[in-house]
Amino acid sequence: MNSFVDVNSTNWNKIAKDTLNEALKIKPNNRIAKNVIIFIGDGMGLSTINAARIYKGQKLGNTGEETILEYETFPNVALSKVYGTDKQVPESAQTATALLCGEKTNFNLLGLKDSVGTSDCSAYISQGEEAEIDSIIRQAIEQGKSAGVVTTARLTHATPAATYAHSPDRNWESDADIGPANGACKDIAQQLIDNNHDIQVLLGGGRRAFLPVSEPDPETNAPGVNKRMDGRNLADDWESIQQGKNNNYRYVWKKQDFDDVDPDEVDFLLGLFSPSHMQYELERDTSGDGEPSLAEMTDKAIKILRRNKNGFALMVEGGRIDHAHHENKAKKSLEEAVQFEEAIKMAMSLIDQKDTLVVVTADHSHPFSLTGYTNRGNPILGLVDPLGINIEPTLDGLPYTSLLYGNGPGYTSPRQDLTGVDTETTDFIQQSAVPLEFDTHSGEDVGIYALGPMSHLFHGVHEQHYVAHVIQYAACIGEYAKNCRKKSGTLRSVIHGNPEV
């Protein structure tokens, strides 16, 4: 795929005609999805995609606006409404539950119905399994598929945790986070190891929730980093479980050991590459003692999972797009978004589009905007009209960057004079309108980009939890498993007694 198009004034008509001709070739794929990959760019709203497109293009020496991201070539595109049961603007646990489990729910809940309140352990315990919602990852395993979870965040963080956990509070990542009042509820790390050791690939950060506070971190040898108060070493427990089942397994925590894993020989892989979140790509240690990239983790995961003749389900999260936005650090966020696209490109090189449904979406957006009537090719991290030729001059007479935030740590009063300031440094903090320690999420719709079997079912503006239902339907898992019939490789189903072909 070309990463950009030549859009000068002489060929607009040709560009449109070529695009139309490609659109006319699109035909629905009604086959069963043997494999499913859902890519979730955490916080990757449409403004982030737009800015990342320009950022990538300018890194390649182009003006930027003409850049095409890998998933922007997917034939089926829709929008997702991200509000939660109780929130107009959501957080990531409730959006992940919607995307991966198929139901909207309350603030901070993971894999639970909205009959449970936030942090209400007693309500969850009293309702038991009636309150639980299984994810597409669990449903795929139930149908004999392999499954994996890959993230640059902590494996116990909101989005990855929704693939396996049931918790009234996303913050209960270790037993130290729960406290005695809610001790009847299992922490998220414990749920992963005790109840979900059949997930074959688990790659991300968050080592501290798995290791006892009495032990130093294996990477830094520093004391006081780990969090578990129950004395358990869940990484050791995971290895014991796999050994007891005679599985071929590896536990790794640095890049060299990860690189040494042969995906044709290892069936179960646990990688915990950092005490907390993995490093931002712009700061990542790429040596053997460092961390793998998101693309490298995606590559390894697919090569392990695709050996199952029944297929696989994989969730890949670009988790740190969101974290940099919370810090108002646009450059870090855009680099994470570009690396997220690299992971998608890696996956596309490894799969067969005829039998693999690929969905790319975000869980929510951020109050992040590209503003200022900037000229074509204006540096995306630069100032609006640095030469002073501005259609709308500022009332305070001070320059501003074209990328701005609605709220967050970038607020100053009076507004900072950016004259002579290098706004393209890694840790430059974009200006914001409202002072907060961290920026919030925003509530506008986010994009859905899909390719492969049944991807045409993404076709308009959808409720966010619809994404999980399309995946279930396409792959014949979850509540659609019993309704699917196979005939000549084409998907047929019966929904509420009504046959559809």
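Quick reminder: no glycine exception, Cβ is built from N, Cα and C everywhere.
Note: Thr159 (Mg(2+) binding site) has non-local neighbours Ile40, Asp42, Ser92, Ala96, Thr151, Ala153, Met315, Glu317, Gly319, Asp363, i.e. same-chain residues 6+ apart with C-beta under 8 A of its own C-beta. As annotated by TrEMBL, Mg(2+) binding site applies to Asp42, His157, Thr159, Glu317.
As annotated by TrEMBL, Zn(2+) binding site applies to Asp42, Asp322, His326, Asp363, His364, His441. Reduced to three states, the DSSP call for His326 (Zn(2+) binding site) is helix. Here His326 (Zn(2+) binding site) comes close to Gly43, His366, Gly408, Phe438, Asp439: these same-chain residues lie at least six apart in sequence, with C-beta atoms under 8 angstroms from its C-beta.
Under the heading active site, phosphoserine intermediate, TrEMBL lists Ser92. Using a 10 Å radius centred on the Cβ of Ser92 (active site, phosphoserine intermediate) and all shown protein chains, the other Cβ atoms total 26.
DSSP assigns Asp363 (Zn(2+) binding site) to coil in the three-state reduction, outside any helix or strand. Every protein chain shown contributes to the tally, and the Cβ of Asp363 (Zn(2+) binding site) ends up with 31 other Cβ atoms within 10 Å. Reduced to three states, the DSSP call for Glu317 (Mg(2+) binding site) is strand.
Each of the binding-site residues His157, His364, His441 was scored by the number of other CB atoms within 10 A of its CB, and the lowest score belongs to His441. A simple way to gauge crowding: the CB of Glu317 (Mg(2+) binding site) has 31 other CB atoms within 10 angstroms, across all the protein chains here. The two recorded residues, His364 (Zn(2+) binding site) and His157 (Mg(2+) binding site), show a Cα separation of 15 Å.
Excluding Asp42, Asp322, His326, Asp363, His364, His441, which define the Zn(2+) site, the same chain contributes Gly43, Glu91, Ser92, Thr95, Ile321, His325, Ala362, Ser365, His366 within 8 Å (Cβ to the Cβ centroid), listed in sequence order.
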